[in-house]
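Chemist: What follows is a single structure, and I will ask about it in a moment.
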């Protein structure tokens, strides 16, 4: 396993839970809020805790640090691993220098994951990252993504990726249908492409390109270790 020591950051950003004409209505079942498609050989279960790191979709495969999370569930992408803001949004800062990264390899081992087909290789997380109190720590079960506080990973009404509840916030579009690809990327439905959109000195994460300052990324699943 290749070890990468990455910086983690967290910042506070608020997002109101407003109802939407489409999406989740409080009191209704939310586990059926899934995209219509699914990615080939995506593993809908990974019970070992993992983090996610932003990897730019470029020829050099430059990767940021792991994503962090602030106290209310916001996910933040720094130039290192992903953090989580206190209000549940996923965000990333812009200060760290991107580092090159090898593509995550696949493995036949099935100790911690459950692939959708017996003919599919199970994802093996090749990269590791140091974790701290702001690191976004995840588990995946039956296509539902949860953080260390048990909140549900969802795409909310403005297409932003964040954690709430359970249940997810009113108007949420997707709250299930997550998987990890054979290459080790987080996927939602049939897509493993997400978007980071610059907001001040950090990036918010979305499932669609919502503005000119957004760029396409992969979210690489990484092992988390105490350093």
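Here the Cβ of each residue, glycine as well, is placed from N, Cα and C on the backbone.
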Chemist: Just to confirm what the record says: which one of 31, 118, 128 has O-linked glycosylation site annotated in Swiss-Prot?
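Modeler: Matching 31, 118, 128 against Swiss-Prot annotations yields 118.
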Chemist: Given the ranges 38-82, 83-127, which one is assigned the annotation region 'Disordered' in Swiss-Prot?
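Modeler: Residues 83-127 are the ones Swiss-Prot records as region 'Disordered'.
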Chemist: Fill in the CA-CA distance, residue 68 (O-linked glycosylation site) to residue 74 (site 'Covalent attachment to cell wall glycan'), as an integer in Å.
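Modeler: The separation of the Cα atoms works out to 9 Å.
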Chemist: Let's check the environment of residue 74 (site 'Covalent attachment to cell wall glycan'): how many other CB atoms sit within 10 Å of its CB?
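Modeler: Taking every protein chain into account, the count is 32.
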